[in-house]
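My questions all concern the structure below.
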Amino acid sequence: MAKDDNLPLFETKLAKGRILFQFYSLLIFVGTCFIFAYRLSHIPAKGEPGRWAWIGLFFSELWFCFYWFVTTVVRWNPIYRNTFKDRLSHRYEKALPGIDIFVCTADPVIEPPVMVINTVLSVMAYDYPPEKLSVYLSDDGGSDLTFYAMLEASRFSKIWLPFCKKFKLEPRSPEAYFRTAVEPLGEPVLAKEWSTVKMLYEDMKKRIENTTKLGQISEEISKEHKGFNEWILVASRHDHQTILQILIDGRDSEAMDIQGQPLPTLVYLAREKRTQYHHHFKAGAMNALIRVSSGISNSPIILNVDCDMYSNNSKSVRDGLCFFMDEEKGNKVGFVQFPQAFENITKNDVYSSSLNVTMQMEMPGFDGNGGPCYIGTGCLHRREALSGKKYNKNFMEDWKRWSNRSVEESTRVLEETSKVLASCNYEENTQWGKEIGVKYDSAVEDVLTGLAIQCRGWRSIYFSPERKGFLGVAPTTLLQSLVQHRRWSDGDFQIFASRHCPFVLGYKNIPLKLQLSYCIYPLWAPTSLTTLYYVIVPSLCLLKGISLFPQISDPWVLAFVFVIFLHRAYSLGECIWFGGTFKGWWNDQRMWLYRRTTSYFFGLLDYILKRLRFTKSTFFISIKVADDDVSQRYDQEVMEFGTSSPMLTILATLALLNAFCFFGGLKRVIADLETMVWEQFALQILLCGLLVFINLPIYQGLFFRKDVASLPTSVSYQSTIFALLACAIALY
């Protein structure tokens with residue numbers, strides 16, 4: 001046992017196959033040098049057609065090369081972690097620190113209360129001493145419907161928690177468990193209890209859904225808890241006082257489950273909102289939770305999850321503590337980031353939402369370069385790091401000082417004294433949102449906050465357990481996916497173009513390779529311009545008869561073919577290695593194109609318009625539920641359009657433009673077959689044909705599909721006119 005006391009609580013392993021990746025990178029670099037040599041030595045002379053198109057293509061390829069270099073830096077040295085929870089239990093089981101868990105929701109329609117409480121119940125049921133767990137729900141929608149659902153969840157938890165622990169269930173979200181588990185008919189005791197608990201859950205779910213459909217709380221329900229009286233003073237979801245209710249007080253000796261075991265603390269919070277105050281969206285909600293929790297439980301570790309990201313692994317918090325409580329390296333750890341994963345990904349991932357490569361390659365690469373970024377959910381923070389404290393090399397965490405803290409106030413007094421911490425004017429003339437808590441004034445407050453924590457000297461850790469820690473809901477329509485990435489690209493570029501740029505804020509604070517790693521997402525927005533150029537200009541030049549690539553018989557063509565083939569072959573191999581399919585990889589290529597020509601382009605426009613003060617910051621809440629018809633098409637991997645949008649109009653216009661140019665180019669080749677003109681345009685025809693092939697779902701949505709999910713007629717008319725106009729201008 002004494003020998004075990006000296007062993008680390010986690011280990012770090014280097015990724016395998018790095019030499020092969022480095023060799024591949026070297027080959028790509030050499031091939032790219034040949035491409036640039038060709039571009040520089042074959043620039044059309046002044047007055048020759050296509051000179052400026054050629055130069056533009058050269059600068060686009062330079063940018064692509066730079067972006068490839070950044071992604072290579074990220075992938076150069078990925079590392080993977082493994083924890084030893086048995087050692088943690090052996091040493092610290094009686095001295096485990098308290099954990100405050102934050103769940104955020106903002107709209108009871110887009111984020112249904114049933115989904116919210118499933119996430120809440122899943123984290124309440126962690127394999128962890130319940131008296132050391134405190135769960136806080138931030139309801140930025142200020143909805144009495146959500147409060148009612150939380151009240152129901154607090155009652156059901158008395159049955160659900162002992163049921164989970166008795167039979168060691170996974171996952172511990174009731175909805176997810178009963179949806180996937182098979183009734184244990186071979187075990188009479190479990191089968192009887194299983195049926196009873198499921199029936200109780202379905203009854204609770206039905207009550208909540210019926211109340212939600214009704215849209216208001218009945219007089220009978222309002223008598224069930226004093227908290228409903230708070231809504232008498234609520235003017236609207238954007239204008240109300242702080243509503244704070246401790247539904248379960250973990251200090252109360254009567255807060256027990258049906259087996260007499262203590263329950264976690266459960267708190268509902270709707271922070272004060274007034275129309276004259278900016279509430280800073282999710283960042284403001286998180287900061288209110290940090291303050292309120294400091295007055296109630298003040299646990300040294302904070303876990304935050306989105307309301308749709310239920311816990312899929314009951315031991316996740318113990319995994320995280322292995323990093324914080326490691327005697328040798330734990331004191332420097334500021335936060336531990338778990339991967340973002342989704343339960344509704346289709347076999348071939350039609351909208352490329354799984355983030356498999358990002359979570360299994362890029363994030364470990366971040367970790368190898370100095371630490372992963374904070375991605376807003378599934379993250380364990382050290383409270384002191386999140387609250388603005390700088391790391392000191394002499395810092396030594398005293399876990400006992402947190403354990404010895406006691407609060408003497410009654411539940412009612414604690415509620416009243418903590419309300420002021422969530423008031424609108426509490427942050428006035430303070431450093432909240434600047435140096436303390438989650439950062440403001442960014443659409444990706446999570447990335448900026450994580451960067452600031454790292455720049456204060458703290459180390460971040462990325463941990464991806466074999467069983468995913470959290471599972472969420474991915475977008476089920478094309479437009480939802482594009483809008484989500486639009487917000488991300490806008491926020492990331494905003495960071496890059498500000499004083500918070502990794503090269504400015506991170507100068508001498510984080511390693512250069514981590515500064516470069518942080519550029520992979522902020523550079524999405526400007527990459528849209530070069531992608532649009534490559535999608536439009538070569539096709540129009542093909543239509544007009546201007547060659548921009550070497551002839552098929554020219555030795556220089558080998559450099560282009562080699563780089564393109566090797567780069568895409570590696571991409572395919574990477575996708576397959578991380579559990580994808582060939583069709584899934586092809587869908588990923590399609591979404592790569594769609595996002596860069598719409599989401600990231602509009603993200604760049606959003607940033608420019610905000611800088612010019614034409615628009616203000618907005619926050620888009622991703623829709624977490626879908627209609628049955630939409631879900632059915634999503635499961636069948638049929639691309640969902642169904643509405644008009646500038647982004648869909650751009651996609652349709654580009655698709656038609658490339659189709660017109662492709663067939664126009666083929667006509668030119670066939671007409672001049674004897675002069676071997678096809679050799680001159682082979683690569684351009686291949687590029688244009690590839691774009692046509694990748695846009696097949698767009699053509700189907702425009703002309704062949706008649707269902708409600710096809711592209712609207714207005715989009716068809718507009719895109720056709722725009723594409724024909726572009727072709728006419730090019731030919732003129």
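A Cβ is built for glycine as well, from the same backbone N, Cα and C atoms used for every other residue.
Copying in the features that TrEMBL gives for the protein in this structure:
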TRANSMEM  20-40  transmembrane segment
TRANSMEM  52-70  transmembrane segment
BINDING   GLU111, ASP140  UDP-alpha-D-glucose binding site
ACT_SITE  ASP140  active site
BINDING   LYS282, ASP306  Mn(2+) binding site
ACT_SITE  ASP446  active site
TRANSMEM  523-543  transmembrane segment
TRANSMEM  555-580  transmembrane segment
TRANSMEM  592-609  transmembrane segment
TRANSMEM  647-666  transmembrane segment
TRANSMEM  681-699  transmembrane segment
TRANSMEM  711-731  transmembrane segment
Under 8 Å between C-beta atoms and at least six apart in sequence, can you list the same-chain neighbours of ASP140 (UDP-alpha-D-glucose binding site), or say none if there are none?
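In sequence order, the residues whose Cβ lies under 8 Å from that of ASP140 (UDP-alpha-D-glucose binding site) (at least 6 apart) are CYS104, THR105, ALA106, ASP107, ALA270, ARG271, LYS273, HIS279, PHE281, LYS282, ALA285.
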How about the transmembrane segment (647-666) with the transmembrane segment (711-731) - do they touch, taking at least 3 C-beta pairs under 8 Å (6 or more apart in sequence) as contact?
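These two stretches do touch.
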Using Cβ atoms only, state whether the transmembrane segment (592-609) and the transmembrane segment (523-543) have three or more pairs under 8 Å that are 6 or more apart in sequence.
yes
With Cβ distances under 8 Å as the criterion, find the stretch in 20-40, 523-543, 555-580, 711-731 that has the most pairs with the transmembrane segment (681-699).
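Answer is 523-543, with the largest number of Cβ pairs below 8 Å.
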To the transmembrane segment (711-731), which of 20-40, 523-543, 555-580 is linked by the most Cβ pairs under 8 Å?
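Stretch with maximum Cβ contacts: 523-543.
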Under an 8 Å Cβ to Cβ limit, what residues of the same chain, 6 or more beyond the ends of the transmembrane segment (20-40), are close to it?
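Distal contacts: 54, 57-58, 61-62, 65, 68, 72, 75-76, 550, 556, 559-560, 562-563, 566-567, 570.
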Same-chain residues six or more away whose CB lies under 8 A from the CB of ASP306 (Mn(2+) binding site)?
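Within the chain, ASP306 (Mn(2+) binding site) has Cβ neighbours under 8 Å at VAL103, CYS104, THR119, GLY376, THR377, GLY472.
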Given a separation of at least six residues and a C-beta threshold under 8 Å, show me what packs close to ASP446 (active site) in the same chain.
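Non-local contacts for ASP446 (active site): CYS373, TYR374, ILE375, GLY376, THR377, CYS379, VAL438.
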Would you pick out, from the binding-site residues GLU111, LYS282, the residue whose Cβ has the largest number of other Cβ atoms within 10 Å?
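Selected residue: GLU111.
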